[in-house]
Amino acid sequence: MNIMDFFRKKNSSDVAKDRLKLVLVSDRANCSPEVMEMIKNDIIKVISKYLEVDAEGLDIQITQTDIDGAKGVPALYANIPIKKLKQTSE
Amino acid sequence: MSEVIVVTSGKGGVGKTTTSANVGTGLAKLDKKVVLIDTDIGLRNLDVVMGLENRIVYNLVDVVEGNCRIKQALIKDKRYSNLYLLPSAQTRDKTSVTPEQMKKLTDELKEEFDYIILDCPAGIEQGFKNAIAGADRALIVTTPEVSAIRDADRIIGLLEANNMDKIDLIVNRLRMDMVKRGDMMSIDDVVDILAINLIGAVPDDEAIVISTNQGEPLVGSDTLAGKAYMNICHRVIGEEVPLMDLKAENGFFAKIASLFKKN
């Protein structure tokens with residue numbers, strides 16, 4: 001290995017692989033950006049009942065994960081920043 | 001037992017026709033009775049790759065429309081008497097044939113031949129549907145590029161939806177030097193992404209261009225691609241052959257150069 005490799009950016013083949021994996025998951029799920037937006041809005045609506053969330057910072061995507069040894073299982077990944085935990089007024 | 005094999009890819013220009021010609025010729029070399037069918041109506045090319053373009057009288061559409069008998073349209077190969085080509089029509093379009101007609105044709109050919117190889121057109125429209133209609137198994141050809149792999153994935157999905165249960169992958173045009181320096185996806189990367197059985201890998205070889213120029217498939221010759229295609233043929237008939245080392249560099253100077261290369 002060349003010492004310059006340490007300073008180099010990611011291999012282009014790794015970039016290709018990562019891009020492909022993402023694009024294939026959405027191809028396979030047949031999920032359009034509009035549908036994703038609808039899912040996102042509905043998630044915000046539900047979560048907002050209980051928590052105050054940062055709708056702007058919310059990020060959802062369909063990606064792959066490994067579950068029980070099964071590789072590349074499609075998964076809906078949501079990153080939802082919470083602003084404030086609502087107190088249940090009873 | 002005879003088998004109908006469709007060679008497909010989704011994307012154009014990845015080597016379907018070259019693969020069809022070489023797998024067909026290789027199976028004939030292994031003493032199988034083989035017929036190659038060019039299903040790319042309007043853009044026929046398997047005839048020139050096989051070097052049989054001057055012998056065409058009747059074509060696929062003539063057979064389907066009943067203008068001639070199947071036997072009249074089959075062209076016997078120059079080198080192998082057990083290898084035939086059914087050429088496509090150049091002046092018609094994909095809608096000249098229906099999937100039902102293709103199924104009927106391949107069923108009839110099954111009685112006569114061990115292997116029926118269908119060279120599928122690019123795309124997922126009528127031509128693709130015609131080609132897969134009568135097929136028992138599929139060979140997916142892809143190159144280690146994002147566009148080709150994405151299309152291959154789509155094709156695999158469509159084949160699975162059509163209950164094709166035997167789907168094998170050929171990774172074509174590999175450049176091991178680029179894989180080694182991390183600028184091309186490896187065989188393992190492609191197999192990992194597409195998650196289907198690998199039946200062979202073919203290196204990017206200048207010999208392919210030369211063989212296409214001459215209209216003589218190079219399968220079985222002493223070239224990297226020739227050996228790789230022959231291995232694929234052995235695997236198609238069910239033999240187990242280990243994956244060859246594509247890294248083997250050709251020529252005297254390459255070997256000298258590799259001595260001086262770091263790592």
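Cβ atoms here come from the backbone N, Cα and C positions, even for glycine.
Annotated features, as they stand in TrEMBL:
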BINDING   B:LYS11, B:GLY12, B:GLY13, B:VAL14, B:GLY15, B:LYS16, B:THR17, B:THR18  ATP binding site
DOMAIN    B:3-156  domain 'AAA'
Field: Integer average pLDDT (0 to 100) for the domain 'AAA' (B:3-156)
entry: 97
Query: What are the non-local neighbours of B:GLY15 (ATP binding site), defined as same-chain residues 6+ apart in sequence with CB under 8 A from its CB?
result: B:SER9, B:VAL141, B:THR143, B:ASN172, B:ARG173, B:VAL202
Query: In the same chain, which residues outside the set B:LYS11, B:GLY12, B:GLY13, B:VAL14, B:GLY15, B:LYS16, B:THR17, B:THR18 have their CB within 8 A of the centroid of the CB atoms that define the ATP site?
result: B:SER9, B:THR19, B:ALA122, B:VAL141, B:ASN172
- prompt: Taking the Cβ of B:LYS16 (ATP binding site) as centre, how many other Cβ atoms lie within 10 Å?
  reply: 29
